[in-house]
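For reference, the structure discussed in these notes is given below.
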Amino acid sequence: MGEINRRNFLKASMLGAAAAAVASASAVKGMVSPLVADAADIVAPITETSEFPYKVDAKYQRYNSLKNFFEKTFDPEANKTPIKFHYDDVSKITGKKDTGKDLPTLNAERLGIKGRPATHTETSILFQTQHLGAMLTQRHNETGWTGLDEALNAGAWAVEFDYSGFNAAGGGPGSVIPLYPINPMTNEIANEPVMVPGLYNWDNIDVESVRQQGQQWKFESKEEASKMVKKATRLLGADLVGIAPYDERWTYSTWGRKILKPCKMPNGRTKYLPWDLPKMLSGGGVEVFGHAKFEPDWEKYAGFKPKSVIVFVLEEDYEAIRTSPSVISSATVGKSYSNMAEVAYKIAVFLRKLGYYAAPCGNDTGLSVPMAVQAGLGEAGRNGLLITQKFGPRHRIAKVYTDLELAPDKPRKFGVREFCRLCKKCADACPAQAISHEKDPKVLQPEDCEVAENPYTEKWHLDSNRCGSFWAYNGSPCANCVAVCSWNKVETWNHDVARIATQIPLLQDAARKFDEWFGYNGPVNPDERLESGYVQNMVKDFWNNPESIKQ
């Protein structure tokens, strides 16, 4: 039998077998996982593309990082008018209750404001004050928001807050952190901090020394360099790694650093913050200090022009994410943010010791998702996150820019966009209704976008003001869209089922149901997740299970 005829025969056979297999949850889980995997490879093969896989209009302009939800917080202009949603009432679009439209008023009431909704700045600072532990959440002492849960969250975020410069919000160039000097003769710690570089450190002073001594490591080829760098990146802590070519389209058009000012804390120490926390806590309102702005000049701030970007992914804990929107789910996000800085710093040191320049970055400096797509790590999903084949959206992305020329990976397609068109589970699970219910992505025009979105690229609309408003109300980040995602599994056969479902007309309408039949993820409805006791039970399971569920 010829190869083409054999393939067609196998495809037809696999379609029938796979359709029968996915009809029985127990059969799939216990007996026919290899069959499903084989079927997926034939029915929905993984493909590589040489070009960026999504449309980018000629009108596209680089994204201004100061427009993202958290960076916009520190623009004093954002504190003058109520926060604005792109759609005032999404029930007119979805036909379902808009669970997010009242959040600005509820958040204002938390701040003691009567008669108007909260501003963008008030909304974000309400979240950040609770997130830092300086203000109790409204669910304080409920299961998932207890002092034990909050302490775990604080520990998980500690490196990001204390040693990374809180670049989770964006920023650049590099990071700056306040540290308290210690007198080595008396062991006394100063009350006033000094500003020093954080883990996202762009100091490349050692590189020239290595080169001048003739010690720069020479790889035999770009391919060998990529192989060695990827191996090192995994050893240094990354779960997934890919190489993207440097693409200026994804570098922010403006870099910015939050202006920090000294605030006297109740313990007498001085803490440098981008908002006046004591004033807020005493009922004096929310005051922010703005940004220092920088042109994105690589040579000026990092000493080199990038040629390659090492993009890596860190897995988030499956059990912790299941507890969303509890503080436990925030803790695994914080752990990944803390680890992002550590791993990126170690990769940068590795490159510098080889005699190559490096700039380690988290969410700052450039757009991580399109770089990760270019690096072959996954596809962009409905929820705006990178969907990887192994972890789905349950991860965080960081990157290291370098002047070492590496052989780039290619973008990969494995059925995510086709599945997202059919599923819409993340949109249904969002408490703020921030995720589009439209079936297909499109090249967004300015009128389709809220202020934090960049038009002229192909994607689904997201309203970060709605998302951020729920975070403020919840007192903690929300990961519902990650928790319920059909790609968020620890058994990869489920991903194969998802790929197959997008290719079989009889199964397409049931695509999102498969993992629900198999007992994953809990309720999709955000109110039901809490009211049914599901979240509380997942929190108890998290604390009572001594071993983490691993991929």
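Backbone N, Cα and C define each Cβ position, glycine as well.
According to DSSP, CYS423 ([4Fe-4S] cluster 1 binding site) is assigned to a helical segment. Counting every protein chain shown, the number of other Cβ atoms lying within 10 Å of the Cβ of CYS423 ([4Fe-4S] cluster 1 binding site) is 24. Residues or ranges marked as [4Fe-4S] cluster 1 binding site in Swiss-Prot (evidence: similarity to another entry): CYS420, CYS423, CYS426, CYS485.
In sequence order, GLY100, ARG466, CYS467, PHE470, CYS478, ASN480, CYS481, PRO526 are the residues of the chain that are 6 or more apart from CYS430 ([4Fe-4S] cluster 2 binding site) and have a CB within less than 8 Å of its CB. Annotation note: CYS430 ([4Fe-4S] cluster 2 binding site) sits in a coil segment as assigned by DSSP. The annotation [4Fe-4S] cluster 2 binding site is assigned in Swiss-Prot to CYS430, CYS467, CYS478, CYS481 on the grounds of similarity to another entry.
Taken from Swiss-Prot, the feature domain '4Fe-4S ferredoxin-type 1' covers 411-440. Here the domain '4Fe-4S ferredoxin-type 1' (411-440) has long-range neighbours at 44, 46-49, 51-53, 90, 93-94, 98-101, 103, 325, 373-374, 376, 378-384, 387, 389, 460-464, 466-467, 469-470, 474, 478, 480-481, 483-487, 495, 498-499, 501-503, 508-509, 511-512, 524-527, 529, meaning same-chain residues at least 6 beyond its ends whose C-beta is under 8 angstroms from one of its own.
Per Swiss-Prot, domain '4Fe-4S ferredoxin-type 2' is recorded for 478-496.
Feature annotation from Swiss-Prot assigns signal peptide to 1-39.
Cβ atoms within 8 Å of the centroid of the Cβ atoms of CYS420, CYS423, CYS426, CYS485 (the [4Fe-4S] cluster 1 site) belong to the same-chain residues GLY381, ARG382, ASN383, ILE387, PHE419, LYS424, LYS425, ALA427, CYS481, VAL484, SER486, TRP487, ARG512, site residues excluded. For the recorded [4Fe-4S] cluster 2 site, residues CYS430, CYS467, CYS478, CYS481 set the reference point as the centre of their Cβ atoms, and the other residues of that chain within 8 Å of it by Cβ are ASN383, CYS426, ALA429, PRO431, ALA432, ALA434, ILE435, PHE470, ALA479, ASN480. For CYS426 ([4Fe-4S] cluster 1 binding site), the same-chain residues that are 6 or more apart in sequence and have a Cβ closer than 8 Å to its Cβ are GLY381, ARG382, ASN383, ILE435, ASN480, CYS481, VAL484, CYS485.
Listed binding-site residues: CYS420, CYS467, CYS478, CYS481, CYS485; maximum Cβ neighbour count within 10 Å falls on CYS485.
This prediction places the mean pLDDT of the domain '4Fe-4S ferredoxin-type 2' (478-496) at 82.
In the three-state DSSP scheme, CYS485 ([4Fe-4S] cluster 1 binding site) is classed as coil.
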